[in-house]
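What follows is a set of notes on a single structure, which appears directly below.
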Amino acid sequence: MKDLLMPIQENIRNFSIIAHIDHGKSTLADRILEYTNLVSDREKRDQYLDKMELERERGITIKAQTVRIPYITADGKTYILNLIDTPGHVDFNYEVSRSLSACEGSLLVIDTTQGVEAQTLANVYLALEHNHEVIPILNKIDLPSADIEKVKAEIEETIGLDCSTAISISAKTGLGVDSVLEAIVQQLPAPKGDPNNPLKALIFDSWYDAYQGVVVLFRIMDGTIKKNDIIKLFSTEKSYEITRLGVFSPEAIDIPQLSAGEVGFLCGNIKTLGDAKVGDTITLLHNPCTKAIPGFKEIQPVVFCGLYPSESSDYDILKAALEKLQLNDAAFSWEPETSQALGFGFRCGFLGLLHMEIIQERLEREFQVELIATAPSVIYKVETTDGKIQEIDNPSKLPELGKIVHLYEPYVHIDIHVPSEFVGNVLKLCEEKRGIQKNIAYPAQQRVIITYELPFSEIVFDFFDRLKSATKGYASMDYEVIDYRISNLVRLDILLNGEPVDALAVIVHRDKAYHYGRSLAIKLKKTIPRQMFEVAIQAAIGQKVIARESISALRKNVTAKCYGGDITRKRKLLEKQKEGKKRMKRMGNVELPQEAFLAALQMGDD
């Protein structure tokens, strides 16, 4: 027990597991916990470390989790293994890079039936940038379609890792887990750092707990930390007294002190996540370290969309839900906004598309709020005639055409991994999305890595869905924003009876504006119910209408009660109806159904 509370530094191993979705990362973590008797049969459940219901259901890891594992080797020595479970998705890249900074090594888990995928590659490169020792692990060898030699060759070719010592396992059955634990102890380095130096610790995750305030996960690089110490955070300069200090093994265990190389958690009446940012440095107030740990950056949202309650009476429920979600997700931002078409709602910012999907799903699932979401948008930069540069995250905020000198849009560097038979489909899709081809590589016989530079706005819309359907679900992709470039962009407005609908405005490339406007007008014609008066649907750039559709009026037979008789009587009734319709058209409001907004979101299906 003493070894668990006060381990010898050279007997500590901090490691993370890198894997693509469904390659077996959480399953391997489960088996390690079972093999080391940390989780009893009674407590067993799949994906033990994935606390969120949504994480278990989608089979992905969204937040980093950690567990301290005491392990006795074959020769009787006790080691402490700290597993830091990282998210694998590109949207959470910064969280991954901070989690990797807290470790010295990684297990690279690859599904032998699938091979190397794009997100695996992205995270391996991150690990190698952090000077990690990487152990390749070949998973799912119990499946008949496993091709171990081919995958080994692919890893050596694409990543450059020596696979002669790669460990073959089946995380599902537990085969080979003992070899993995021995390899962690033998091949990964012990953490460096001096317990007698001033405290320097890295925050790699934090979340909000209703009873204790913010819980901070950290890794100590130098120094020692004790309960009741007063700590200071570098980026905010705020100080807190530690009220609770401990480790997860896998449930929380209180510990009086932790020192260099160890991973743990602390609570200290920290009120908001913004005060304990991922990547920040913790030190002691009275004996601080001089330099922060490098690599800290403020996370900025890159994708925006409007979220509105479908019932306006749910506005306060949605607001409370957003406040609650923000407590546990510092990367998610929101501010109130109003739309003439949708009423009161919120403009929300996300790290990427998966992040946006997860937030929307959690709002609907955990808080039972029905949402209307507007089309996602990225941040554009506008240079206006007065020489200023503005950032625009909402198409309706774009200045008038006459005031714009240049419009800049973000570009991304994208790597797409795809079986060779689908290369033609992927190239066609990327060209259609205004892509610039950079490279095509063939790391293995049947696999291709296609590299493109694409406008980010083309990706946020429907790129991923179309990529999956063009490749029968076999493609995987990884992207990062690289720079802003001048583009010939315009704002396309949709007008109903001459009135612009702000929630349907989009920024598109001028070459695509006509096709987009025409398609959307046709879709709206199908989804907006007929009214008692004619409805004109127009797509316009500034004052110029580029497409128009009309929904004809419902006709009530006002002459039904005239039996034969005078034609002037009928004409009088018809004229009266015509006048009434004119007045209605002038006064009438066209109710936009939810389907109209869905039509705008599904524009890529044409």
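Note that Cβ sites are derived from N, Cα and C of the backbone, with glycine treated the same way.
Listed in Swiss-Prot:
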type	residues	note
BINDING	Asp22, His23, Gly24, Lys25, Ser26, Thr27, Asn139, Lys140, Ile141, Asp142	GTP binding site
DOMAIN	10-192	domain 'tr-type G'
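Annotation note: Asn139 (GTP binding site) sits in a strand segment as assigned by DSSP. When other Cβ atoms within 10 Å of the Cβ of Ile141 (GTP binding site) are tallied across all protein chains shown, the result is 19.
Regional average pLDDT for the domain 'tr-type G' (10-192) in the model is 78.
Residues Asp22, His23, Gly24, Lys25, Ser26, Thr27, Asn139, Lys140, Ile141, Asp142 are recorded as binding GTP; their most distant pair of Cα atoms lies 17 Å apart. Of all the binding-site residues given, namely Asp22, Gly24, Ser26, Asn139, the one with the smallest number of surrounding CB atoms inside 10 A is Asp22.
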